[in-house]
Amino acid sequence: MSSIRENGVGEELDGRNDDDDDLKAPLLRPASGGAVTITVSTAAGQNSKAAAAADKKVRTAKFKIRDIKCTACTASIESMLKELAGVQTVAISVLDGHAAVTYVPELTTVEKIKETIEDAGFPVEHLSEQDIAVCRLKIKGMMCTSCSESIERALLLVDGVKKAVVGLALEEAKVHFDPNIVDIAGIIESIEDSGFGAVLVSSGADVNKVHLKLEGAECLEDCKRIRSLLDSAQGVNHVEMDMDEQKVTINYDSAITGPRSLIQLIEEASPGDNIYLATLFVPPRQRESDQLQETRMYRNQFLWSCIFSVPVFLFSMALPMLHPYGNWLSYKLYHNLTVGMLLRWILCTPVQFIVGRRFYVGAYHALRRKSANMDVLVALGTNTAYFYSVYVIIKATFAENFEGQDFFETSAMLISFILLGKYLEVVAKGKTSDALAKLTELAPETACLLTLDADGSVVSEEEISTQMIQRNDIIKIVPGAKVAVDGVVVDGQSHVNESMITGEARPVAKRPGDKVIGGTMNENGCIYVKATHVGSEAALSQIVQLVEAAQLARAPVQLLADRISRYFVPAVVVVAFVTWLVWFTAGEVGLYPRNWIPKAMDKFELALQFGISVLVIACPCALGLATPTAVMVATGKGASQGVLIKGGDALEKAHTVKTVVFDKTGTLTVGKPQVVSAVLFSSFSMEEFCDLATAAEANSEHPIAKAVVDHAKRFRHKIGSSPDHIPDVKDFQVHTGAGVTGKVGERVVLVGNRRLMRTSEITLVPEVEKYIFENEELARTCVLVAIDGKMAGAFAVTDPVKPEAQRVITFLRSMGITSIMVTGDNRATAAAIARDVGIDYFFAETSPVGKADKIKDLQGKGVIVAMVGDGINDSPALVAADVGMAIGAGTNVAIEAADIVLIKSNLEDVVTAIDLSRQTIARIRMNYVWALGYNVLGMPIAAGILYPFTGIRLPPWLAGACMAASSLSVVCSSLLLQSYKKPLHGRD
């Protein structure tokens, strides 16, 4: 019945150390001494155009070459490859035959390279890799969901594109593609062919990137020398040079090199008197600059339109009502052509065709790709008003008795109001990513780099940009300064405020060996930090990447808007035409009295006004923005409070959760077990007993195993005899959910629970059973130790319950959510823990697969299940659950199995995640009410349904203002999520 190997799924994770994972060296190390790198010149006769292509597009193919015995073999292969046009460099490992060939795809292929190696007399195999690259693009010109869908369809038609997601609110696209078939330039071209602009934001190669400004590189030869040097440098993945601007962009592996090393490499390559200098260049942030540019564009267009539209409004509606000041507008120039008509035509035309050009372009591209968007509606509405007004002017000029009303003010003011709405919408949308912007600004700009001598004494201090920090640098953090980098404290003590990352308001004590997160605030002590994660590997960067990915992901509730948008614009055009036809026909056959027609209008013009109003009041934009803006605000707000939501899907599912399944160790409990008692059931001395148990458990990374090892070390230290080293264990074996076995010296040692003893046929005498029963009643776990087939002793281990656990379970119950505990521990211990925290249902002695099966059983009953675990051992259950929550992730925020990552080990964030999801879905529904309300209520009013009863008529320019207001109201509604407060707050 007893099970001590729990920690989420009751299994050992040997070979892993949770505390040291972040400090491990990369799995892929650069080849040492056994690799030969050869620079191969392009074949003779290669023209300049091909050489230019070589600079632009280079790819690397990897091969396994057999029968290589010495460097002479590599030389013979090189002599063959250097004759092949397009091959640039070759790196061959003499030891294992692995080769990496850099080539230009325009000039040669993998098959040609392979055939060349085979012709040299060596069997070769092409090592196929996962040739799927990812890029993020900034999209310009999107107006509504129809636009984003059109771009997605266009991208998916491109050969080589595997997946494409376009986010309307974020105005970005994420494209997964095969770089062997299509490149980023081809993807951008396909977007531009669809009528939209596209700019590269980042690509998969941008893992770690540095931009440098060069000085002293005065000619083409200098630039080629620097590029060749960088290309051949260890750890450099890709180099891009702008010779005109003298800038170089380098993608590098932070485990091998860094910005300062690259700068030093460039400067040391200076030939003779010509000295190369390289300095850090920080390009403007793409998103902020694009947003600022877009805001300025709409503002300027609106102001230009106002310069012409305001006089048009005055000449058509204000001055004619102010006698005698407006009488001059009625002065006839020729026949019935008046001064007012001519002025309105002159002033309206620039608004229609210059300021309003963007609507024509958008409508053209939309119709060309056989779709329709808001641009189509605006172009139809304004053109109808404008060209009918031109018709009126022509008739008034040449007909002596013609009297008609022009609608130039409708066209001009409609465009002005739409531009005002777009301007306000862009400003409001910019605020939806405020939380994300604040995260990116947390990192300090400079850091204090220490240089140490062999004894560890400080030799010098230097202030550098945080972008120049490299792995293993020692950084000095003074009181009141921000921590510049993710790392480990190597000297000093302090308290660090991590609230800006984790949401935890209480400062956390930091001592040597403790981890710190870049962007947090050092409060009262000076500490030295060794950098472990830099650039895109830092926690802050990973959080930002995770939130950006979540904001781009589409929530299932968005599908409603997508379905509506496909038919919305065509339906509106039909409704507008029917509206005009009904009113015009009714007027012609006399179905309404003549006094319904306003002065200076006729039946046709009244019907036309109703039709135009229907066209311009309909707004597909508001529908498209209802979900993504709310998701953007919610994910950003969640990130600022320590809750990372990996997309709209997780955000939507979480609000339907009815059952939360908790892991025990490290989730409901603190996760730091301690041995509280040890007892002997044999003639072994306590020293020998502890030594043998320690030897077996030292190979395990389980928290309980660590507790046993720590206890044994403390016991040895207490009696004053510390062994020089831990004895080696042979035949070590892990028994999942039961324990470990091994041979220490000549003795066979078993350390585990009752199940391990039972399967190993170890007899448990009544004395042992009594010890187990007494400790399990106290919520302790018993670790049994058998030596040479006989019970030798046991340890009692306790793991205290988290102080907030009971409060969280109670609050979840008040939300209508049932809590269940699933653990690999024994039933008595599980019952005691469940009783302490207030959980009514629990499953004990459950294996990793068993935990996932329990969740599937609950799902089979129609229950939406969330699983809360440590994110490592609980991965089967996290994947099986409808919503997986990884708790206590710390700096390891890239947990693939979880849908939601809770940065700090606080159960209150489980409540926060579910509550935030509920609030967000409620806000999305409210957004749909706003969006659909405008259209459902506005279109009938615009069509004149109230006119026969109340005389209320919606002029086209006012209908356009309503359309602009609908998008703005949806965005402002989403912004209300910025005021979200946690339902539970941590207590000191």
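The backbone N, Cα and C atoms fix where each Cβ goes, glycine too.
As recorded in TrEMBL, the features of this protein are as follows:
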{"type": "COMPBIAS", "residues": "9-22", "note": "compositional bias 'Acidic residues'"}
{"type": "DOMAIN", "residues": "59-125", "note": "domain 'HMA'"}
{"type": "DOMAIN", "residues": "133-199", "note": "domain 'HMA'"}
{"type": "DOMAIN", "residues": "208-274", "note": "domain 'HMA'"}
{"type": "REGION", "residues": "1-28", "note": "region 'Disordered'"}
{"type": "TRANSMEM", "residues": "302-322", "note": "transmembrane segment"}
{"type": "TRANSMEM", "residues": "334-355", "note": "transmembrane segment"}
{"type": "TRANSMEM", "residues": "376-394", "note": "transmembrane segment"}
{"type": "TRANSMEM", "residues": "406-424", "note": "transmembrane segment"}
{"type": "TRANSMEM", "residues": "567-586", "note": "transmembrane segment"}
{"type": "TRANSMEM", "residues": "606-627", "note": "transmembrane segment"}
{"type": "TRANSMEM", "residues": "928-950", "note": "transmembrane segment"}
{"type": "TRANSMEM", "residues": "956-977", "note": "transmembrane segment"}
I need to check the long-range neighbours of the transmembrane segment (406-424): which residues 6 or more away from its ends have a CB within less than 8 Å of a CB in the stretch?
295, 298-299, 301-302, 305-306, 308-309, 312-313, 315-317, 341, 344-345, 347-348, 351-352, 355-356, 359, 378, 381-383, 385-386, 388-389, 392-393, 605, 608-609, 612, 616, 955-957, 959-961, 963-965, 967-968
Could you name the stretch, out of 302-322, 334-355, 376-394, 606-627, 956-977, with the greatest number of CB pairs under 8 A to the transmembrane segment (567-586)?
606-627
Residue counts in helix (H, G, I), strand (E, B) and coil for the domain 'HMA' (133-199), per DSSP?
22 helix, 24 strand, 21 coil
Are there residues at least 6 beyond the ends of the transmembrane segment (302-322) whose Cβ is under 8 Å from a Cβ of it, and what are they?
329-330, 340, 343-344, 347-348, 350-351, 355-356, 406, 408-409, 412-413, 415-416, 419-420, 423
Mind checking which residues of the chain, 6+ beyond the ends of the transmembrane segment (376-394), have their Cβ under 8 Å from one of its Cβ atoms?
337, 341-342, 344-345, 348, 352, 356, 359-360, 362-363, 366-367, 404-408, 410-411, 414-415, 418, 569, 572-573, 576, 605, 608, 611-612, 615-616, 618, 620, 956, 960
Summarise the domain 'HMA' (208-274) by DSSP state, stating how many residues are helix, strand and coil.
22 helix, 20 strand, 25 coil
Kindly state the mean pLDDT of the domain 'HMA' (133-199) in the predicted structure.
84
